Amino acid sequence: MITVEADISDLWPEQSNWEALAQTACQQAVSVSASDFLLAKDYETEISVCFSDNDTVHALNKTWRDKDRPTNVLSFPMMEAEELAEIKNRVGSECLLGDIILAFDVAKKEALEKGISLENHVTHLITHGTLHLLGYDHILDNEAEIMEDLERKALAQLDIPDPYSDHETGKEGLDG
């Protein structure tokens, strides 16, 4: 079972149910991954999603990734992929997957540039972030292809169009 703890800044428009969107995006990402066993009621899994601002994400990006700019989404896994695989053998395990932090202005700008709703774009960003928490990455082209395919699959199940239809697979990924 996946529990999402959402912290939502006042910047984020109130007309959207960001907490429900985060819950859905996280569950979909887990459901298409090799860690889909975490959806079973025997597992207590928590993901923290922070709907934040550019300044906060900029500071985190500089501190943890040595990139002096805000980005759309950051993920901070609490465990290595190997540790996550071990949990499968321990029914009744509790697992804090990690934190996902979103920058409102970057996400809004990207959604406008792509001509898509902020909600669809944020669903994609949270899906992407959740896959990072599950050990997926896009450093190498083959990794990027696997991760993007999982994102497409999760989003298609939510009737969200392919977010990568306008580019080639690349190492930089969403959170570049």
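Heads up, residue numbers simply count up from 1 along the chain you see.
Note: Cβ is positioned from N, Cα and C throughout, glycine not excepted.
As given in Swiss-Prot:
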type: BINDING; residues: His128, His132, His138; note: Zn(2+) binding site
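In this view, His128 (Zn(2+) binding site) is surrounded by 27 other Cβ atoms within 10 Å of its Cβ, with every protein chain counted. The Cβ neighbour count for His132 (Zn(2+) binding site), using a 10 Å radius and every protein chain shown, is 23.
Counting Cβ atoms from all protein chains shown, His138 (Zn(2+) binding site) has 24 others lying within 10 Å of its own Cβ.
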